Each structure stands twice: as structure tokens, then as C-alpha cells.
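Working notes, structure below.
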């Protein structure tokens, strides 16, 4: 053994060939600060070996290196800029030493090689991969850019266009694509990986492969003519501006850095990468996006722990076909859980099966599946007008019309047709679960399972615990949701549960703005372009359905009369009374026509202004800041109340529910991350300016208390002391 660290070791493999093996405690390898330092120590040893002829890098895990240790990021990003720059310089000196070894080097790459893992293998001369490879640089999705030489080596290895596509989009690619673009030199079966890598290394040692020529382009300026460079970088900047926009500075910073470094050799180019990385790491966007990643890991780990003692349902059923029922049935079948889909009409069953078939055909058109797979999946959805097959189902989700009487009747009837241990769930969006459970003989086997539309795209499922719901029931439903590829978040019962409960105060803020003379078009523009929502409130209401919102508004007002009962006729009432239900009938705040792809496209409709004039004061202008404050304060206050009342268990789960269920702008990180970024005291000052608008603007007691003590909702991290840094070790 030449060297043994906590996460890697170095040993002789055969005459003159050394093997550096990543083998961290636990299930995966991460390129954390300690591992970078350990890699440096291993290189200290290697550089002293006079008889060294070649080096092989490999992993003992199912994945090579999954990336940097993102749990370190928040504390690392608090390190002063100069010290962070010094540590990056140290880390890059390690990878440069790996690249500059006076012998050929090869990485045997299996599974994931992402972020720092990808940057590590870029420093070797050759890369041999297994068919399960996923390799790429996802840093821009975290609000940063590659910092270990990825923005320097990848363009010089692949060419500017392919590298820009991967780096700017934060993409990873599979083995076939990686081979096609030159990111790996070969693909072999997993059992042949080590021997195959050794064979390539021996060829390089023997002179059959020119490893020095292979290495040289990574050390030199990018080989692009002026015209080629202008075209590549102009197109890349245009694409990034269109897709990422101003709220996500990392992609455009990465492109501009690669452009500026194109005429430079490795050392000078790495200096530019360092100078670009450090300011990005100190942005609110980076902290928010890293926070989302960590929150997602937390939510998934919680679901895994919750379901460790239950068996994932093997057969499921959906009550109510239609678009929603068909979407749920498709998702279950697609992920390998056969499903019975029941309705009372052939027409609805046809609609549900058509929806499932449409989604499968899209997969076929994109080349994701073949005809055999399509037929196999669709055959696991059994449409029925009766309860045939319900004796074998483990879980049933009801997705009928949003009417408590209808839902109660359907649930009670179904309970009599299933096994005593079968779990029942309701896809209600607003009706309290304990109310629906009142008609059941086994309320402990019942909970809420709130999917979001469209089911196949929206990652969130709210799992709602009723008054009598058992832990086992929750665990089974969480297991099914996870199997369906969804992110389940458990919430406690109340009108609207969590997501809709906090959405309707936001809509109420919108209604009050319109009542006071705001133009809905400007409100939409500000909330989309300035705050970053994917849709403004008027557009969102049209998509949800004005009739649906009108009904839900009444349910929420009955549940929370003190805050959500309004004493005026609002824009939603006016549009509802005029039969303008949004996209579903082509008329809402906007008029809708189908585009060439058959999708609804919004257009101006002057008729809506006269309708809104009856429920609004004369038009007046509001500043962007005032619009954002009046829209967001009611939502944030309600989010905080849900935490204080135990409806949602943690800030992390609340923020993920908002991002995954409502499209809360990821660069803000969710309501609690946004609150922490503003500061509780500053938020309180802002909210107090609008208290005259009513109870929705009154800040909850717990938040007032935090403001007094200047406390945050997320645990505050201390600046890191990176291992191996020049002046901070």
C-alpha cells in the first residue's frame, strides 16, 4: 500500500502501474474538501516513485464519484472571497498535478461521474466507461459554475459547442453520447472495465498510443478561429439569455468565462474560472439553489425512512377516469404498478384511457419507448364500470368530482368492495380528510393523496394525515407515491391542506390589488419577470380554472373565515358570473386560441376590462415593489402559520412543496429561504406597511418573535475551514 486515506487509497497494481481507488465510507464517493486534500497527499507519494509507468483511477462503489459534497457548500460559500479563491487555487493545483504526471493516466468510470467527479476524470489522459455512465457538469443548476477546471478542460476536449451545451444547461450525458462527442474513449461491460483500462494504459506505456499528444490540447488555448468563436459564443449567450433569464446568473457567467479564456492556456484560463466562480458562490441564488438540493435530499430521505417497514403496493386502483384519473393511472402503470381504473360511464373511461395512451405515444414519438413497451404499459391499466379486480388492490385513490357528498358516497361504496387492509385515499384538493373519513368504517385506512395537474409533470404529491389516519396508511401511500416517481410530502389535515391553503391568500392579495385599481396585466408581468413565477396570478387562475378557484375560494373562506372571508365582490366572482372559466372554455382574464401545436395561447381581450371595472376602483399605477409585497405577504404569512400550527413539519418540506407544487421560483429557494434572505426583521417592517389591508397581512406571532431576536428559520451555518487550503487550513 503506497498511501491510505479516509476516502481513497493508492497501491501498485502491477510492474510500474499504480492504482488510485476512491472508496469512501458509506454507499457513494463524493469529492469533498477532505478528499481533494487526500488526493493531493496521494500525488505527493506518486511524484516520488521513480519507477512509475502509469496510473489507473477507479472506484470501489457503484458510481465513480457522484460529485462534490453539496452539504459542504453553504458553509463553503460563507468563506470570504479571498480565502475561497485560495482554496480553489489549491484544489486546482491538485488536479493540475494529476494531469501533469510524467506518465499516462486513465480513469475507469462506472455509474455517475458528475460535477467534481467529471472534472477529476477530465484531468486524466484517457477515460473508459461502463454502459451505465452518467457524466456531466450540473453546477449551473446550483447557481455556480465548474470550479475544478471543468470550464477549461471540457471545451478543449470536446470543442466549444458541445462543452457549452453541457456546462450552460448543467447537463449530464449517457455512455453512448459521451463516446460520440469524445468525452470518453470507449465503453465496455462493467466486468471488463478494469482490464480494459489496463489494456489501454499498457498501450500508452508501450508507445502504441500517443498519450502526450492526447493531453496537449487541454493545456493550450481553444482551437477556434475568430469567426467560429464569434458564432459559437454569440449563439450560446443568446440561448442562455432565452432559457435561464436574468434570475439565474450562473449559465451566462460560465459562457462568458469560457469565451474570455478561449485564447489562453490552462493556467491563465483557470485563473479566470476562479475569478468567475467565487462571486457566484456568494450570491443569494446559489444559496437558494443549493438549499433546494439539500431540502430535496432531506425530503427523500424522510420518505425512505418512513417506508422502510412497509411493502410498496403491487396493485392500485383509481376511482374516476377523466384527465386526472387517466394521468394517475398512466403514472402508476408507467412506473410498474398495475392499476384498475373505474368510472360510472364509458365516455369517462374512454377519456381516461385516451389520456394514458396520449402520454405513452409522446414517449414513443420521443424514442423513449418502443411499441412493445407501450403495449405492455397500457395493458396494465384495466378500465372497468364495475368493481372487478378491486379484491386484489393494495391502495385505491379517489379522483371524482370535488363535491363532498359525491366523494363520501363513492368512498363508502368502495370501502365495502376492498380487502380490510386496503388503503383508501382521496385526491381532493380542498375538502378536509377527517370530514370525508366520517362515513368510513375504517378511517385509520384512509388519507389524502393530492396530485397536481398535469400528473405526469408535477413532482409533488401531498399526503394528508386525517384525525384517525394510521402511520401504516401514511407509509403505504408514501411508498406508492415514491414508486410513481413523485416527491411525497406528508401534511396534517386542514381546509386546503398546505399548498392550496397558502395559494389562496396569494390570490386574495391579487383580488385586493385589482379592487384597488391595479391592472392585472402589469401584476402578471411583475410577478413573472421581476419575482420569477412561471405564471402571473391572472394567468395561473385561468389555467387552474376560474370556476375551480371560485369554488375553492368559498371552501377556504368557510375554513378560515377570519382571514379568508371577503366582504366585497372580486374579479374571480365577476369572471365566474360571466362564464369566463379560463383556458377550459377559452375565456378568462385572457382569451385563448390554439397555436399550431394545439396548445392554448393567450391573447388580450378588451371585454374583460369592462367586467373588472364593476369590481375595481379607477385604474392607478402601483410600483413593482408594492405589487410584490402585496402579493407575497399573505402567502408567506400563511406558510408561517402552517409551520406554527404543525400542518407542515419543517421549513425544508414547506419550501419543497412550494417549489414542486406551485412553481415557487427556485432561485428564491422557497418562502422560508426567501424570508431568511430578506431577514425576519426587515420582512416585519415591510408587512407592517400593509396591515391596514386586513388580517391576511397580519404577521403571525412566531414570526414577530423571530424578528425581535433577528432569528432565521433555517439553521445558520458557520464558514467552512476547507482542508488543504493555503491559509485557512
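Including glycine, each Cβ sits where the backbone N, Cα and C put it.
So that you can see what the record holds, here are the features copied from Swiss-Prot:
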BINDING   324, 343, 400, 401, 402, 407, 429, 453  NAD(+) binding site
REGION    1-189  region 'Enoyl-CoA hydratase/isomerase'
REGION    311-729  region '3-hydroxyacyl-CoA dehydrogenase'
SITE      119  site 'Important for catalytic activity'
SITE      139  site 'Important for catalytic activity'
Among 139, 343, the one of these recorded positions whose Cβ has the fewest neighbouring Cβ atoms within 10 Å: 343
Residues that sit under 8 angstroms from residue 400 (NAD(+) binding site) by C-beta distance, when 6+ apart in the chain: 319, 320, 406, 407, 410
Residue 119 (site 'Important for catalytic activity') versus residue 343 (NAD(+) binding site) - Cα distance in angstrom: 54
Model confidence over the region 'Enoyl-CoA hydratase/isomerase' (1-189), averaged pLDDT: 97
CB contacts for residue 401 (NAD(+) binding site) [other CB atoms within 10 A, all chains]: 10
Inter-residue C-alpha distance, residue 453 (NAD(+) binding site) and residue 119 (site 'Important for catalytic activity') (nearest angstrom): 38
Greatest C-beta neighbour count within 10 angstroms, which of the binding-site residues 429, 453: 429
Which same-chain residues, if any, lie at least 6 apart from residue 119 (site 'Important for catalytic activity') yet have Cβ under 8 Å of it: 95, 137, 146, 148, 149, 150, 153
Spatial separation of residue 324 (NAD(+) binding site) from residue 139 (site 'Important for catalytic activity') - C-alpha basis, Å: 35
Those residues of the chain, 6+ apart, with a Cβ under 8 Å from that of residue 324 (NAD(+) binding site): 399, 427, 451, 453, 455
Largest CA-to-CA spread of NAD(+) binders 324, 343, 400, 401, 402, 407, 429, 453, angstrom: 20
Three-state secondary structure, which DSSP defines for residue 119 (site 'Important for catalytic activity'): helix
Cβ neighbours within the same chain of residue 402 (NAD(+) binding site) - under 8 Å, at least six residues apart: 428, 429, 430, 431, 548, 551
Where residue 402 (NAD(+) binding site) falls in three-state DSSP terms: coil
All-chain count of other Cβ atoms within 10 Å of residue 407 (NAD(+) binding site): 23
